[in-house]
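Asker: Residues annotated as region 'Disordered' in TrEMBL: 1-38. Annotated compositional bias 'Polar residues' per TrEMBL: 9-18, in sequence order. The compositional bias 'Acidic residues' annotation in TrEMBL covers 20-38. Summarising the annotation, TrEMBL assigns domain 'SH2' to 52-142, 221-310. The domain 'SH3' annotation in TrEMBL covers 149-211. The annotation domain 'PH' is assigned in TrEMBL to 381-418. Feature annotation from TrEMBL assigns domain 'C2' to 416-530. The domain 'Ras-GAP' annotation in TrEMBL covers 586-780.
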Amino acid sequence: MAFRDRFCSSGSEVNLISENEPDDNFEDDPDPCPEEEEEIDLGIHAPSDDKWFHGKLDRADAEKRLTNIGQVGSYLVRESDRRPGTYSLSYLGRNGISHFRVTGVCGDYYIGGRQFCSLNDLIGYYTAWSCLLKDEHLKFPVPPPEPVLVKKRVIAKYTYSKVPDTDELSFFQGDVFVVDDVIDMDWLWVTAQKNRETGLVPAALVEDAKKDLDPCAGKPWFFANISRDEAQEILHRDGVIGSFLIRPSDKSPGDYSLSLRGPDGITRFLIRKQGMQYSLGGRNFDSVDAVVARYKHEHIVENLSLKEPVSRAQEWDLPHRPMTPSRNGSSFVLRSETPGPVILNRTQPAFKRGFLVKKGHRNKWKRMFFVLDGDEQHLPNCFQVVVRAFNELRMFYLCADTQDLANDWMEAIKKFCGKPMITNLGERDVKQLRSLEVTIVEAHKLNSNKVSHPYCMISLNEVKTCRTKTQEGHSPIWNEEFKFNDLPSDVSYYSVDLYNRNKRSRDGQVGSAMVPLNRLPKGNVLDEWYPLLSPSHSKMEVGSIRVRSKFTHEIIMPVEEYNSLKEIILDKDLQAVKSLGQVCKDRVSLASTLLKIFRHEREEIFLLKTMNSLEIENQEEVSTLFRGTSLTTTLMDQYMKMVAIPYLQKTIGDVVAKIVECKQSCELNPAKLEKGADTVVNLKQLLEFLFEGVDAIVRSPDDCPRTLRYLFCCLQQNVKDRWSDNEIVRSRVVSGFLFLRLICPAIMNPRICNMMSESPSLCAARTLTLVAKCLQNLANLVEFGVKESFMTPVNPFILRNKEKMINFLDELANVTQTPPITEQVSSDPSRDLAALYDICWTYMSELQQLSQTQPGLKKLVAVTETLRQREEQFLQENLSLTNRTEKLS
């Protein structure tokens with residue numbers, strides 16, 4: 001550090017304030033010679049702080065330690081035990097012991113009107129440059145009986161962006177700071193180890209460093225967890241001649257290894273720790289910093305000194321999460337095309353690899369590495385990568401088994417994608433994100449001669465992203481929903497193109513409808529009919545299509561802004577969750593958002609267990625238990641889709657594949673039988689599928705996620721306590737979720753679980769429906785009756801397997817202890833909490849009304865209003881920044 005001597009030359013007498021004098025006499029000295037400024041390097045003249053700093057020590061003990069030494073010129077520095085941030089320089093002079101007060105303020109230290117950047121600078125100044133008393137310098141440091149840490153170190157728990165025009169520091173998680181001053185309970189004045197910047201950090205965002213944290217941790221040249229070979233690779237890859245790094249020695253604990261890149265390769269030097277000093281090349285140093293400082297000015301080898309530390313690998317400037325359109329709980333992704341070149345670091349390791357599944361041209365299922373050919377845009381958990389090169393677009397579609405796996409793949413791939421199309425508000429970690437929900441409902445007035453098997457393709461701008469399944473007839477009904485999250489800012493419209501499926505030729509485009517985003521009401525659903533215009537005659541209508549759209553523009557603030565909201569929603573009484581369930585109409589969106597938040601906190605079992613218990617307590621009739629759609633049932637639905645897809649694929653995947661490839665009909669309904677069909681043959685084939693399916697299911701308890709099994713156990717216990725005299729309800733409460741809401745829907749629509757890539761034939765689709773219907777009756781422990789008399793031939797199968805089904809459901813629910821949550825969940829807490837805030841704000845008036853009778857909701861209302869104000873503040877700052885930028889340009 002440097003100090004500008006603005007008072008007098010070296011060796012002059014300076015009038016300091018002794019602790020023995022009253023505070024009223026403390027005045028800054030005048031500036032007798034302001035025109036003279038000399039740059040002084042003070043740090044090298046001070047012994048290391050472990051030679052003279054004694055920590056908290058009272059005056060009597062300080063005098064005792066100085067007296068024991070008995071040398072004039074002896075000194076020590078101690079911290080006041082009465083005044084935090086105040087120190088004393090205790091000095092043994094010719095006329096006895098004197099104590100001088102040193103006041104620390106925000107990292108600076110004041111003594112006798114002079115300001116120093118550190119205690120080391122202060123000691124160095126009065127050691128070599130100025131007199132403490134007349135003709136007396138600091139000469140002999142008195143070491144403490146045992147080592148004392150001069151200042152506390154803290155480590156950042158979170159990443160934080162400073163508020164502009166303040167003394168705050170921005171930092172990343174893991175950064176190390178030295179605490180210079182405790183401003184109050186909420187703020188610390190610190191010095192960053194990595195760049196020596198000083199400023200304020202929130203106390204709540206840091207934690208005390210562990211005692212065994214390396215003294216060099218946080219230094220720009222220190223690499224804590226790398227080997228010798230890795231150090232060499234980093235210097236070759238990222239360094240230049242003179243670049244260096246220091247790491248702990250592999251062979252000598254406590255020592256350090258300095259690696260330097262020279263013209264002929266990498267040279268390594270061992271820095272040995274000897275007592276309180278460090279040794280390199282026969283020289284002793286008080287610290288590793290002193291080693292670096294010396295050899296930045298002197299040659300460490302012939303004609304070469306230390307230059308700058310090798311640069312650490314920087315994180316890619318990537319979006320918080322890829323833009324992820326999802327379809328009925330499944331996922332797609334569109335990466336925005338990049339206007340300029342992207343240089344990739346080829347040495348970066350791949351963290352994700354695996355196999356994807358596709359049905360081959362033959363009647364076998366293959367497992368191979370592959371990229372989907374574009375016809376699979378209707379699959380769930382797909383995502384799309386768009387590449388633009390020389391104005392040519394190339395699109396790649398990939399598919400994963402679950403939404404979490406899709407998110408993992410996207411996180412692994414996105415570092416190879418281009419600049420994020422996310423608007424940052426100023427320098428803060430605030431993002432503006434746009435989202436679009438599109439539901440293709442139905443089409444009317446299509447030409448029956450040209451349209452027999454219609455499907456729709458959705459495009460964002462000119463990029464095709466996803467499609468519906470193929471329907472039959474000229475009045476198709478789809479009711480398929482697609483969600484596009486993190487919409488790139490260059491997307492200005494979406495279009496719906498209607499195609500007709502042709503088996504022998506290329507699919508023909510029938511018509512198209514374009515919807516500009518700026519015409520959609522923000523945050524509200526627009527349900528509208530759009531004319532389908534002919535691709536050859538832009539003004540000719542060839543039909544109409546009904547589409548529901550919802551366009552939202554979100555502000556994602558730093559996750560810390562939502563801490564209060566998170567605390568309220570995670571509260572053990574779940575009052576906020578229950579109240580939102582009362583007022584929110586979009587239960588799927590609410591349930592999905594709540595599960596993401598609770599799963600990130602590993603509290604999803606508590607949420608689901610508590611909500612299920614409350615639903616059972618409030619249920620009067622056992623016959624209607626969990627039959628309706630409530631927030632509780634929606635939470636369970638969404639959770640099962642999140643965790644149980646692999647279980648479904650392993651359990652019923654094989655039998656579903658056989659059904660899809662089988663050409664034998666299983667139809668038993670006389671009204672739907674083809675002419676000449678034999679119901680005996682059909683029944684035999686149906687029973688074959690049923691026996692195979694049941695056998696696979698009853699063998700599957702160990703494959704079912706244990707968290708789900710534990711929830712089933714809790715459900716059984718709850719209904720047993722509620723209806724102790726009803727034996728059947730114990731089985732039905734489990735089957736009502738497992739079969740009614742998971743297994744049977746997956747059988748009827750195998751694509752939602754990625755068990756098939758193409759739409760099944762009409763015959764296969766009917767067989768899947770019949771199998772699901774029979775399994776559901778078996779799970780309900782009831783036979784077919786008069787209402788569906790044509791299905792009564794299946795009743796012997798149901799009677800034969802009832803006991804087996806009951807035993808299976810009991811075994812499945814035989815997990816009595818809460819299982820540990822070991823799965824890694826891909827989540828974006830700030831995004832999820834922002835979505836929850838949007839729901840709260842949308843239903844603000846309803847929540848305010850509820851709070852009149854439920855005072856506990858007033859805190860939720862107040863926090864929501866506060867977040868609204870913060871959001872408006874960020875938007876206003878962004879507007880001001882935009883205006884300033886426009887003026888400058």
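Glycine residues also receive a Cβ, built from the backbone N, Cα and C atoms like all the rest.
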Asker: Counting Cβ pairs under 8 Å to the domain 'C2' (416-530), which of 52-142, 149-211, 221-310, 586-780 comes out on top?
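Answerer: Top-ranked stretch among 52-142, 149-211, 221-310, 586-780: 149-211.
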Asker: Kindly report the helix/strand/coil residue split of the domain 'C2' (416-530) according to DSSP, in that order.
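Answerer: Once the DSSP states are binned, the domain 'C2' (416-530) shows 4 helix, 63 strand, 48 coil.
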Asker: Counting each residue once, how many in the domain 'SH2' (221-310) are helix, strand and coil under DSSP?
Answerer: 21 helix, 33 strand, 36 coil
Asker: Summarise the domain 'SH2' (52-142) by DSSP state, stating how many residues are helix, strand and coil.
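Answerer: Across the domain 'SH2' (52-142), DSSP assigns the residues as follows: 21 helix, 39 strand, 31 coil.
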Asker: Counting by DSSP, what is the helix, strand and coil composition of the domain 'SH3' (149-211)?
Answerer: 3 helix, 28 strand, 32 coil
